[in-house]
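**Student:** According to TrEMBL, the protein carries these features:
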- A:29-50: transmembrane segment (TRANSMEM)
- A:56-76: transmembrane segment (TRANSMEM)
- A:83-100: transmembrane segment (TRANSMEM)
- A:106-130: transmembrane segment (TRANSMEM)
- A:137-156: transmembrane segment (TRANSMEM)
- A:194-212: transmembrane segment (TRANSMEM)
- A:290-310: transmembrane segment (TRANSMEM)
- A:322-338: transmembrane segment (TRANSMEM)
Amino acid sequence: MADITTGKPQPAPQRKGLSDRQKDIIQKFAALGSLVILAAVFAVTSNAFLTVNNGMTIALQVTSIALLGIGATYVIITGGIDLSVGSVLALAGVVAALAVKELGMPVWIGMLLGILTGSACGVINGLVITKLKLPPFIATLGMMLIARGVALQITGARAVSGLGESFGVLGNGSLLRFESIDDQGFPVVSFPGIPYPVVLMIVIAVVASFVLNRTVLGRHIYATGSNGDAAKLSGVNVPRVTAFTYIVSGTLAGLTGCVLMSRLVTAQPNEGVAYELDAIASAVIGGTSLIGGVGTISGTFIGAFVIGILRNGLNMNGVSAFTQQIIIGLVILGTVWIDQIRNRK
Amino acid sequence: MGGVSLAHSEREPAPLLLKLEGVSKEFPGVKALQNVSLELRAGEVHAVCGENGAGKSTLMKIISGVYQRDAGEMVYKGQTVHFTSTLQSEAAGIAIIHQELNLVPHLSVAENIYLAREPRRGFMVDRRKLRQDAKRCLDRLGVDIDPDAQVRTLSVAQRQMVEIAKALSLDASVLIMDEPTSSLTEQEAQLLFRVIRDLKREGTGIIYISHRLDEMAEIVDRVTVLRDGRYISTDDFHTITVDQIVARMVGRSLEEKFPTPTRWPTEEVIFSVSGLTRSGIFSDISFDLRRGEILGFAGLMGAGRTEVARAIFGADPFDSGTITLEGHQLSIRDPRSAIEAGIAYLSEDRKAEGLALKMPVDANLTLANMEAVANPFGVIDQELHRQSSQHYVDLLNIRTPSLSQPVRLLSGGNQQKIIIGKWLFRQPKIMFFDEPTRGIDVGAKLAIYRVMDELAAKGIGIVLISSELPEILGLSDRVAVFHEGRITATLTTRDASQEDIMLYASGRGRQRH
């Protein structure tokens, strides 16, 4: 088998302009660059912006978008969409709260139950899409209504409060918080610590990125989105891979629900409305293609921070919530447009 | 337009319709065309030949206004023209039949033919006239296609015919045909040739691009050869041989179209299919595959060859029948179980079913065998992954700037080699090659034939499905001929002629096995 050459030295196909890899890097830096510019602008316009405390506040605010965004990235790479995460996180949060309050379960078991509720919703989404063969948009739209309905039903549309201090640890606690007692006996915070949700977000992002880039499963996720038929004919279990991404998305929604409710120490069945759109937006701003086959966790991470910093910085500058929506909408249009130009040949 | 009917006598040459001189086009980093010239007379079929990447498509896109030339002259009917869109060139009377089918699947045949040119009555589409006009176009082609049928229900060949009908409906004076016969059967191609002869008589100039050089003798008047974006030659077709054309295309003499076999077919049956049936699609398909042989599947489009291969591979279901590999009966539920059993299938549609186009070369090469480059936890061993991919890139001489190049940027021949490499990495026992050389240039074809021969020599059973009879005859040891979902004959290739095969493929021969 050594000699299967055509005998003719064909020139390697020349590339037109930049290679895709170079374009990828430019895209990354473009997003990262705009992030830095945003931060710089806000740092100038507001004194309180560039402080450790505000940095932690932003990171905390970004966690829910980023966690949901990671799930959205998985799903969108396969060419799907998950509209149900906002409702699923509410359902997961109230399940966790009710388990603790009504059934008297320990907090960690209650939270685990909440997260598993999210996974279960993901399993159902996955089965409806791969077995009943409904389009992902419809399947998850159905789940969006059902999960929200169930959350409102089991709580009687009332917030679940009085959960006890331990319920708030996950959302409000910090790692490496340094305090000292001053002369008067008051505590002084020398370093506010890294909030647990932020730690969670970073760990999960690293794991999710590793799975996507370095494992067989990750490769199969890209292949499914890039060309499902070719993947199937190459022996990839396309339905199982597809369902897996919805389970990831649902589980992360469950986790996000627990974190959010823990932060408020109250479970709100109306929490998380329209969060799925933030999640999708962060993935899209980060370069994930809605056609499938393309997307990275690092991109989504940047996308989540763009949204988070915009919200935070605009707030600090006293821009109204309505105007914020307009600006974020324009940012989404702008970044996707730039992405399109980049990909146009 | 249509009215450019020119009674051209044999003595004086017909008037020039189109003349390109010194045309150049550069893309960033690539000189796609350098100083290319071409002229087309009324009533002439002018073939443009060249390997993939020779610049044929770029030249056609310049003529039809998709691209603008950087330098050179283009004179159409005596006037220098600068088309900036296909709308302009179409309005001027230049129509193009695309290689990739550009039809809207959910509209009817008639609606597709007159898309954006629908006959109107006031604000409404005149449906009756639309239907009648479409029918007339289809009748002129001599094909039996219902103008009301939705395009998505048609076969690839029928769609190609609709595409041709659409171009005819423009009544163009210059017609560009880019690989019009690549998905047509022999008979359908003949229908097309008849129409081409009619058009010639009416004074239409036709630019004809095809990889099937053999069929050109029937219709082509002159042939221009391009190589690497440069103009090589223009000749009267009857003064030049196919081998000479090929030699000019590849820039060297090509002694042989098919490699001298290095394999020695044995009598040992490694794979056998018996009584395979899928109701309404194929029935009672039985054949044996022997170690070291290449078995051809011949037949017309829609005879059930691809369907049988897909059923054996687990991509489509079947109702009854047994499949035996090396003495063990297989139960195949899906492609995964077929692959695990040692069966590989190279799909006829490379881009739709063979490759993950956005993914890089290495990821495509290892896609069917990820377990081999990963630890038990599914974590990819980067170094092993790189080495394995590089091994097949070297082995198959795949031309790529790097392993991380997305495969969509590679040529058709190199893409096909990547799919072959993907399957070789699985070390299959038998391989189905479904139209392995469709749309691939001559040099790359020979490379793929060599690979197939060498695989057979190593003891892998090979099934070749092809619509090109010379390919079947040149490459396979035995040939199973399909007609309407049945095998009507199994012939030894040495004793078979093209006519024999056509006889059985059209259902006229008596059953013979």
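Every residue, even glycine, has its Cβ placed from backbone N, Cα and C.
Keep in mind that TrEMBL annotations are predicted by a computer and have not been checked by a curator.
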**Student:** Mind checking which residues of the chain, 6+ beyond the ends of the transmembrane segment (A:137-156), have their Cβ under 8 Å from one of its Cβ atoms?
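**Tutor:** Counting only partners 6 or more residues beyond its ends, the transmembrane segment (A:137-156) has Cβ contacts under 8 Å with 81-84, 86-88, 90-91, 93-95, 98, 121, 124-125, 128-129, 246, 267, 269-270, 276.
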**Student:** Are the transmembrane segment (A:83-100) and the transmembrane segment (A:56-76) close enough to be called in contact, which here means at least 3 C-beta pairs under 8 A that are separated by 6 or more residues?
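**Tutor:** Yes, these stretches are in contact.
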**Student:** Which sequence-distant residues neighbour the transmembrane segment (A:56-76)? Criterion: at least 6 residues beyond either end, Cβ under 8 Å.
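**Tutor:** For the transmembrane segment (A:56-76), the far contacts come to 82, 85, 89, 136, 192, 194-195, 197-198, 200-201, 204-205, 208, 212, 221, 225, 245-246, 248-253, 255-256, 259-260, 263, 272, 275-276, 278-280, 282-284, 286, 288-290, 292, 295-297, 299-301, 303-305, 307-309, 311-312.
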**Student:** Same-chain Cβ contacts of the transmembrane segment (A:194-212) under 8 Å, 6 or more residues past its ends?
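**Tutor:** Here the qualifying positions are 56, 59-60, 62-63, 66-67, 70, 73-74, 77, 169-176, 218, 221-222, 248, 252, 255, 259, 263, 296-298, 301.
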